[in-house]
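Novice: Features from TrEMBL:
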- B:90-310: domain 'MacB-like periplasmic core' (DOMAIN)
- B:353-465: domain 'ABC3 transporter permease C-terminal' (DOMAIN)
- B:514-665: domain 'MacB-like periplasmic core' (DOMAIN)
- B:727-838: domain 'ABC3 transporter permease C-terminal' (DOMAIN)
- B:89-111: transmembrane segment (TRANSMEM)
- B:347-372: transmembrane segment (TRANSMEM)
- B:398-420: transmembrane segment (TRANSMEM)
- B:440-466: transmembrane segment (TRANSMEM)
- B:478-498: transmembrane segment (TRANSMEM)
- B:720-747: transmembrane segment (TRANSMEM)
- B:775-797: transmembrane segment (TRANSMEM)
- B:809-831: transmembrane segment (TRANSMEM)
Amino acid sequence: MTTQSKFDLPQGTLDLLILRVVALRPVHGYAIAQRIQQISKEALQVQQGSLYPALHRLENKKFLVAEWGPSETGREAKFYRLTTKGRTQLKNETESWARLIEVVGLILQHPQGETT
Amino acid sequence: MNLLQRLLRRARMEKELDDELRFHFESQVADKIQAGTSEAEARRTTRLEFGGLDQIKEDCRESRGTQWLASIAQDLRFGSRILAKSPGFSFTAILVLALGIGVSTLAFSLYNLIALQTIPVRDAATLVSIQRRSPENNAPGIPYASIAYYRDNARSLSAVMATMSVAPMVLNHEEQRINPSFVSSNYFIELGASATAGRLFDPAHESSSGAAPVAVLSFRFWQREFDSDPSVIGKTIYLTGKPVNVIGVTSQAFANLGTENPDVWLPLLQYAYFFEGSKALDDPQFDENILMWGHLAPGVSPSRAEHELLALTGQLRKLYPAVIWDHERILVTPGAHFFSFEDGMPVLAFAALLVLLILVVACANLGGLLLARGVRRRREIQLRIDLGARRSRVLRQLLTESLLLGLLGSMAALPLSYIVLRLTLVYANAPAWMSALPDWRVLIFTAAMGFLAALFFGMLPTLQIVLQKKERTLWHQVVVCVQVGASCVLLIVSGLLVRATLHTLYTDPGFGYEQVLSLNPGLSDHGYTPSTAESYLDQLRSRLRTVPGVISVSMAQNPPLVNTNVMIQGFHVDGRLIKTYPNWVGPEFFETMGIPLLRGRYMHAGETHVVVLSQSLARKRWPTEDPIGKEWSTGKDTVVGIVGNTRAMELNNSDATEIYYSLSAKSLPRMSVLIRTAGAPDGLSPTLQQIAGGIDPKLFPTITPLKAGFSKSIGQIEQVATIISLLGSIAIFLAIIGLLGLVTYAVSQRTKEIAIRLALGANRMEIFLTVLRRFAWPVLAGLVTGVALTAGLSQILRRGLYGISGLDPISYLGAITLLIAILATAALLPIRKALQIDIARILHSD
């Protein structure tokens, strides 16, 4: 079980969502999960089991850097921030995702694509 | 952050990971409480939502990219604990590996020492050895006149050296003989050698034949003969009766070029001083034992030097037309190696094959052992998989354990091969610079062997354990098959070689050697011409015949078993190459040596262009016809007689293809005289020396009892036999260990079945046979493969086998019987144990 959702999240999509959320301002892991849940109107529930490995993976790829700082509750938390490399990655990924949606939509909506 | 930093900061990162997850947890709990849940309930549900915290952490570590390294460290720690827990298994496994790897390390170390390592001389990289070749000729030496010409004209060589080895010389009028080496005066300077005492040769002093005669002693000779006394410098010693002044001693680490280990070095230009009348340096055709060395000029490649020297050879051809061969080529090869394998490739490949075979046997046997142990570890592994460990993770853990074993095996192999190599070097009286200490090449080789062995023996049994295959698998049978097959090849080959050796030792060499002495007056060295040689030899023989106790006197160019260099002539007959051992002999030779005449007649005195063949050679050349009266090869010589086969030149020569030529005037200066005595010939040497010296006082003949040559040859053969027996014993040991492991494995898999059968009242013998039967097919397949492989190999082996066939039934049957006996014995132990089991306990255990 990676992500509890109403539908399966395609491979690599979580990484893109994380990059998008982090792009606005530095956030900690819990906030990322909350934000994705919130924005998706509860359709996506990110589990810790897939969130943290993804965060560490992105950090390892130098798309993110992390710093410890005080959270809104006053406790120390690990805040993730997008790097220049991560910003480029986000841009590229967003574009290819949009193109993918367009293309897949085209095929799905095409009457001849249907099987009888 | 690089890998190293991340590793070093592991502890901190672990704590951070922990903190991060805890923060998430606490935040989630706090949110739930805020939403109205009780704290206990909030914690409970959050914990449920989190799932396996350790799993998350593990995934995080994994995605961080350092996990593999960290887990290897962890696996290594765990692996060492596991190995320490079963010391018996670990010890056996490491011993098996150490033997297998040790043998290959030893072989590689030897190869490294003599062929890869450069000897410690100045500018070793530019030091070259220069030889000439032609399609027909293959002589290492170059006439001194040619060397001098190359030295004066070659621009691609910055320096040219010449060395010349000769027969041992008499020291101080005593019977003691020492090994001299004549070298050009720049020899020591060009090699960058330093003196322990006194000075070494210097072109400024030793540059003419008229300079004061001097000698440089080797460090060992100085120790042995003069107790390292520095006052020996300036003293006079006598070599073949000629006084020379000792000017220095080389350093202990001095590396002489070539394979010889001389006691004393003499200036090549003074050669004629020691061998009066010698034309060695003047005669442009004299090329015996004079070797050429050089240093390449800066930036010159060997092939460029070859081109230049070849062009110079063209000019030499005009100077000395008779000296240069047709289609002569010049070879410039790296000279700073102790030995270069030019013709030894097949032997080397064969040795490498045998050594690898031992490694394969060791690995296969270890595979068996690991399989057997895997059964005992099955529960542990199952538990780890049940607890959620991924199969790949368990696989990696088991492979790490194998690698650990391989590493330990390599580490144990190093001292083992060091000790044996050290003993070998001391025994062989190797030069001091040859160190048994492994260098980087040996270390890398050993580590690589350990790694390969670990992969080989670790991979498949590990897979089987992880995949939890309980059934008899193909792999299991393959292990048995490989093990039995490889052991079989090793045992048969050892058997063949040992049997051939014994055969060499205990069969008649075909001639009488006990009461024969060889006397080499060294006429050609002292500038004798055919006619002066003839009159000297006539006088010598007639005087020797008058000595009481002497029965017969004759002559031969190659006295049997005396020379270390054996002459071989090849003849092409109908497209086949016949290898022969030529000799130039006087008519009484056969009588003196006790070689029987089988057909025809011996050669007569003064008769030329007739040959006598050994029976075996005659049969090879003319299998169906009568050879008497036929023309031999070129048509110049007529066959007049057939004599018995001998192993005169090489004791382990299986072909016995001797050809005896009648004497020609040209061959007379190279003759040795053979003397057969009625009783033991030992005390006769001083008399003979006196007679030879009485005719020409400048000669110091070399007198060798053939018996001494025989013992020397036997000694070498015995050494070979010892080495082979040792390898054979290692093979047997490995076979026992491996088969024991496999049978234990098979039995432990069937303990329950055995218990049930026993409970039902089965006969113990029946059970024993049932277990053994499991091995029948793979063992049979292994035996057949092994026998077939060896039969194929025996074609290569044939060269080294004297007097026995490559398909010698005793060796084959012996090896097969031994293997089956080992298998049965190996089976007895675990099966006995299985039969004594507590039936009730086994049946209740599941």
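Cβ from N, Cα, C; glycine included.
Nobody curates TrEMBL annotations by hand; they come from automatic prediction.
The model shown is predicted, which means the values in this text are computed figures rather than measured ones.
For each listed feature, how buried is it and what is near it?
Specialist: Sequence-distant contacts of the transmembrane segment (B:347-372) (same chain, at least 6 residues past either end, Cβ-Cβ under 8 Å): 89, 92-93, 96-97, 99-101, 103-104, 107, 111, 341, 402, 405, 449, 453, 456-458, 460-462, 464-465, 476, 479-480, 482-483, 486-487, 489-490, 493, 727, 730-731, 734-735, 737-739, 741-742, 744-745, 748, 793, 796-797.
If one looks beyond the transmembrane segment (B:809-831) by at least 6 residues along the same chain, the residues whose Cβ comes under 8 Å of a Cβ in the stretch are 484, 487-488, 491-492, 495-496, 499, 732, 735-736, 739-740, 742-744, 747-748, 767-768, 771-772, 775, 779, 783, 786-787, 790.
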Novice: How do the residues of the domain 'ABC3 transporter permease C-terminal' (B:727-838) split into helix, strand and coil according to DSSP?
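Specialist: Once the DSSP states are binned, the domain 'ABC3 transporter permease C-terminal' (B:727-838) shows 94 helix, 0 strand, 18 coil.
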Novice: Over the domain 'ABC3 transporter permease C-terminal' (B:727-838), what is the model's average pLDDT?
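Specialist: Over the domain 'ABC3 transporter permease C-terminal' (B:727-838), the predicted model scores a mean pLDDT of 77.
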Novice: Please work out which recorded stretch in B:89-111, B:478-498, B:720-747, B:775-797 has the most C-beta pairs separated by under 8 angstroms from the transmembrane segment (B:440-466)?
Specialist: B:89-111
Novice: Counting only CB pairs under 8 A, let me know which of B:478-498, B:720-747, B:775-797 has the most with the transmembrane segment (B:89-111).
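Specialist: Maximum Cβ contact count belongs to B:720-747.
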Novice: Within the domain 'ABC3 transporter permease C-terminal' (B:353-465), how many residues are helix, strand or coil going by DSSP?
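Specialist: Helix, strand, coil within the domain 'ABC3 transporter permease C-terminal' (B:353-465): 97 helix, 0 strand, 16 coil.
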